[in-house]
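Novice: After the C-alpha cells below, expect a handful of questions from me.
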Amino acid sequence: MTERSGTVVGPRPPTVIVDDLHVVYRVRGAGRTKEVKGGATAALARMISPRRLAGERRVHAVKGVGFVARRGETIGLIGSNGSGKSTLLRAIAGLLPAESGAVYSDGQPALLGVNAALMNDLSGERNVVLGCLAMGLSPREVRERYDEIVEFSGINDKGDFISLPMRAYSSGMAARLRFAIASAVNHDVLMIDEALATGDRAFRKRSEARIRELRAEAGTVFLVSHSLTSIRDTCARTLWLENGELVMDGPTDEVVRAYEDSAGRRSSAP
Amino acid sequence: MSRDVIPRHGALDPEVGAAELAARYGLGVSGARPSPVEYTRRLWGRRHFIAAFARARGDGQYSRAHLGRLWQVMTPLLNAAVYYLIFGLLIGTRDGVPDFIPFLVTGVFVFAFTQSSVLSGVRAVSGNLGLVRALHFPRAVLPVALTLAQLRQMLVSMAVLVVIVLLAGQVPTWSWLLVVPVLLAQSVFNAGLALVAARLGSAVSDLAQLLPFVLRTWMYASGVMYSIGNLTADAPLPVRVLLDLNPAAVYIDLTRFALIDSFTAAQLPPYAWGVAVAWAFVLGVGGFGYFWQAEGRYGRD
C-alpha cells in the first residue's frame with residue numbers, strides 16, 4: 001500500500017491537527033479579552049451563571065472546531081469580532097487549555113499577537129537580542145541576524161530609533177519590530193493575529209514577502225485579519241469562524257465570497 | 001488507502017482519528033509539559049537568555065530615575081541608615097552587640113537579597129505576560145533570571161559592605177572568603193523561593209499585595225537589627241530551635257561570622273553550615289519541581 005516511512009503520498013504532512021476543540025474562558029472581574037466584549041459570546045456569558053468564584057464567568061468561545069493544517073499552507077481566519085479567532089489561535093499555541101478535544105502540533109507553534117509587548121522599558125536593540133535569545137538562538141546567531149532584523153523592521157529609517165526604549169515607539173513601529181523579531185526564526189507554525197494591520201504599506205509588502213518565504217521554508221502560517229485584501233493576497237485557504245463554530249473551510253476565494261455575502265445580508269437586514 | 005481518504009481541505013477524517021494521525025506524523029499535544037530532565041535541558045539551553053535578561057533587568061530597573069545606576073548603591077545604604085537611626089540610636093538594640101554598624105548593615109543587605117528575590121519572583125510570570133504569551137521558552141527562565149539580577153545587585157551591595165566594614169575598623173582576613181560559599185547557598189535558596197513565589201503569584205494575583213507584610217514579619221524575626229542570641233537566652237527551647245533554623249537568620253549570621261571579628265563561631269546557631277546547605281538544597285530542588293508542575297499553565301487566563 002502507500003505506507004512508506006517518512007515519505008508522503010498525496011497530501012503534505014500535517015503540522016497542526018485540531019480535533020473537536022472546545023475552549024471555555026473563565027473570566028474574573030471585568031473582562032479584558034476581546035471575546036468577552038463581543039456580541040454573541042458576551043450574551044452567552046450572561047446566560048451561563050457564574051459557577052465557582054463570585055464574579056467568574058464562563059465563556060464558551062470555541063465550540064467543536066476541527067481541521068488539519070498542512071506543511072506549506074497559509075491559512076486565513078476570518079469572522080466578525082468575538083467569533084473566536086484569537087481564542088482558537090491561542091489554544092493552538094498551547095496558551096489556553098482545551099475544555100475537550102485536543103490540539104496536536106509539530107514543534108511549538110509561535111503566536112504573534114498585536115498586544116505581544118516585549119520589554120517596553122528596554123531599548124529596541126535590547127529587545128531584538130533578548131527576543132532572539134528567548135526563541136533559542138545562540139549569541140552568535142543573534143549577532144549574525146541583528147542587522148537584518150533591524151533593517152527589516154524599518155525602525156531606523158527615520159533616524160536612530162533602535163537605541164530608544166520601546167515605550168517611545170509608535171504602536172506601528174513596535175508592531176513592526178515585534179514581527180521582525182518573531183519572523184527571524186523559521187517557525188514550524190507561525191500564527192499572526194492582526195499584527196500586520198498597524199504597519200504602513202511598505203512594511204506590509206515586506207512582511208507579506210516574508211510570510212511567503214516562511215511558507216516556502218515548509219512552515220505553516222495562520223493569519224487573522226479583518227482586511228480581506230491581505231487575506232486574499234497571502235492565503236490560499238481560509239477558515240470562517242462565527243460564534244465559535246467553523247462555518248466554512250475551503251479555498252480563500254469561495255470562503256471570502258460567502259463571508260461577504262453573509263455580511264452584506266446582515267448589514268442590509270432591517 | 002487510508003491516507004487518500006483525508007480530504008484536501010482538512011476536515012478530520014472520522015476513519016483515521018486525530019490522535020492516530022498525530023502519532024503517525026510525530027505531532028505532540030500543544031503546550032504539553034516536558035519531563036523534568038528535558039525541562040532542565042531546555043532551561044540550560046536558554047542560559048544566554050537568562051544572563052541577558054538578568055543584565056537587562058538590572059539596568060532597566062533604574063532607567064527612569066535621573067541618578068540611574070547610582071541607586072544600586074544608594075538604596076541599600078539608605079536602608080541601612082534608616083535602620084541605624086531607629087534601632088541603633090532610638091531603640092538601642094545595639095546594647096550588647098559589638099561592632100553594631102557592620103552587624104546591622106550585613107543583616108540589612110543579606111536579608112534584602114532574599115526579600116527582593118521573592119518580591120521580583122512573585123511578579124516574574126504575572127509581570128511578563130507579554131513575553132510569556134509571545135515567545136516560547138521554559139518559564140523557569142523568568143524567576144531564575146530575576147534572582148540572578150538580584151544577585152548582581154547583591155554583589156554591588158557586598159562591595160559597599162566591604163567598604164563599611166573596613167571603615168568600621170575591621171581588618172581583612174582569610175575568613176572573608178567564606179562569604180563566597182554563603183552567597184552561593186543563599187542564591188540557590190533564593191532562586192528556589194522565587195520559583196515558588198512565581199507559581200503562586202501567577203495563580204493568585206493578590207499575593208503580590210500580601211507578600212510585603214509576610215516578608216516584613218520574616219525580617220523582624222531574623223535578627224537583622226538585633227542579636228537573636230541576646231534576645232532568646234531565656235526563651236523556651238522550641239522557640240529557640242525555630243529561630244535558629246530560620247534560613248534568613250542562618251545566612252545573615254554566617255556572613256557576619258565571615259566578615260566581623262567579634263562575631264565568633266560561638267554566636268552561630270548550631271549546625272549553621274549544614275542548615276544553610278540543607279535549605280539551599282530543599283528549596284532549590286523543591287522550588288524547581290513545584291514550578292515545573294505548572295509549566296504549560298503559565299500565561300493562561
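Heads up, the Cβ atoms here are built off N, Cα and C, so glycines get one too.
Note that the coordinates shown come from a computational prediction; the quantities given were computed from them, not determined experimentally.
Per TrEMBL, domain 'ABC transmembrane type-2' is recorded for B:67-294. As annotated by TrEMBL, transmembrane segment applies to B:73-94, B:100-119, B:140-168, B:174-198, B:271-292.
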Novice: Using Cβ distances below 8 Å and needing 3 or more such pairs, separated by at least 6 in sequence, tell me whether the transmembrane segment (B:174-198) contacts the transmembrane segment (B:100-119).
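Specialist: The answer is yes, given that the two segments have at least 3 Cβ pairs within the 8 Å cut-off.
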Novice: Determine which recorded stretch among B:73-94, B:140-168, B:271-292 has the most C-beta pairs below 8 angstroms with the transmembrane segment (B:100-119).
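Specialist: Counting Cβ pairs under 8 Å, the winner is B:140-168.
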Novice: Which residues of the same chain, at least 6 past either end of the transmembrane segment (B:73-94), have a Cβ under 8 Å from a Cβ in it?
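Specialist: Distal contacts: 67, 100-101, 103-105, 108-109, 112, 156-157, 160, 164, 224-227.
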